[in-house]
Amino acid sequence: MQPFVLYNSEQRKKVEFVPRKEGHIDMYVCGMTVYDYCHIGHARVMVAFDYIIRFLRSQGWKVRYIRNITDIDDKIIKRANENGETIQQLTTRFIDAMNEDAANLGCLAPDEAPKATEYIDQMQNMIGNLVNKGAAYPASNGDVYFEVTKFEKYGRLSGRKLEDMQAGASERVDVEVEKKHPFDFVLWKHAKENEPSWASPWGNGRPGWHIECSAMSTCCLGNHFDIHGGGSDLMFPHHENEIAQSEASTGEQYVNYWMHVGFINVDGEKMSKSLGNFFTIRDVMEKFHPEVIRYFIVSSHYRSPVNFSDVALKEAKTSLTRFYHSFKAYQQVYGQTTTEALDQSFIERFNNAMCDDFNTAEAMAVLFELNKELNRAVKEEQADQATVLYSTLRHLTNILGLVQHNVDDFLKSDIGQDALALSDAEIEDFIQQRVDAKKAKDFAKADSIRQSLLEQGVVLEDTRQGTVWRRAD
């Protein structure tokens, strides 16, 4: 088992991973609130932790992966009422849709997917423990709040000082006169008319959002576990509040390592329904093969913000198609012949990239070089070497969950064919990128852009007057 480093959000640096139990990793990732179809931001979180777990398991780690489902929430109640259906009908439908989307993206199912409504008793036990310890208090209206000033380390994950904080619009913090401090957060909400509720020592009601994850994670993995993950938007207040209530309740450190996946912007702007640039996974799959979406996500480092656009998806399709063409060229000559003797130099370079905070951008660069060597070996009819390189490439793409479809079926797929046609403006933009690359003497990038355009039906010709282009016949 090769040692690896990961970026711990709490420490704000890359650190070497040390397991609580030798050879084992317990991981909890915040899942979806199931009131609508999953969007591309959800896709990134699902895919990122999927390839991370695939890689760790390929290294011999025994990973226990928990991803929760929030099936009781203000948004769920509102949507069910708008639709005139029960909460269970709504959540069941969108849980099924979520699982279908995840499967289409090539994501393995988590070892366990606890639902919030299945852990109400455990949530109440944790809340009662916090009240008994003086870290939480019941309000006169039946709500129960966590008292943030009673937890000295509050703000350590997000790097915020309590006195400097200001509530943000997206922070899901209820502002109530019953609070002792503006940042006290609700653990138990009193029952309201036409809302689901459960009996409790504080009256009928339902759990707050944050307590759900603390109860589910500790019930599934214990009071102290290895890795907690989620989207960057959850760092504050959700994960900050999880730490406070969990550690105040158990008296133990909650999590050793925090991992957060970066944002997805759409055409340079934050994805938002109000901006009209909000896309569900299903929206995107109408234009692009789901493995193209996965490739787009895998090709960037999980912590880096990425820009989602049709151009980016077209580039992803072109790049992914290269691997399929290489596999097809090999299979036409050698069939499905493989060998257990893999090229260890490529394996080592790939593993080194992934062991450095799961650097898939660097890992993909290794795969492109390997793909190029495979094409050369097939062209030069070097059968033994071609088989080793093909087997190595297949092994490594499997770890990333790529090139998982039948070669001919993928290449014949018409998903996204209309979207693949580059506009004139997009072509001119690529040409300018190529000019800039040549000026910087980055000839490899310049050649890559030329080849990418050629594969998309655009022919470049360099003349004394500059580069001209035409669409291939």
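Heads up, the Cβ atoms here are built off N, Cα and C, so glycines get one too.
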Note: Swiss-Prot has Cys30, His238, Glu242 binding Zn(2+), and from Cys107, Cys213, Cys219 that site also includes Cys213
Helix, strand or coil for Glu242 (Zn(2+) binding site)? Use DSSP.
helix
Distance from Lys273 (ATP binding site) back to Cys213 (Zn(2+) binding site), taken between C-alpha atoms, in Å:
26
Give me the count of other Cβ atoms within 10 A of the Cβ belonging to Lys273 (ATP binding site).
9
What is the set of residues, excluding Cys30, Cys213, His238, Glu242, whose C-beta falls within 8 angstroms of the centroid of the C-beta atoms at the Zn(2+) site?
Trp209, His210, Glu212, Ser214, Ser217, His228, Gly230, Leu234, His239, Asn241
Could you tell me the C-alpha distance between Lys273 (ATP binding site) and His238 (Zn(2+) binding site) in angstrom, no decimals?
22
For the binding-site residues listed here, Cys30, Cys213, which shows the highest count of neighbouring CB atoms within 10 A?
Cys213
Which residue, of the binding-site residues His238, Glu242, has its CB surrounded by the fewest other CB atoms within 10 A?
His238
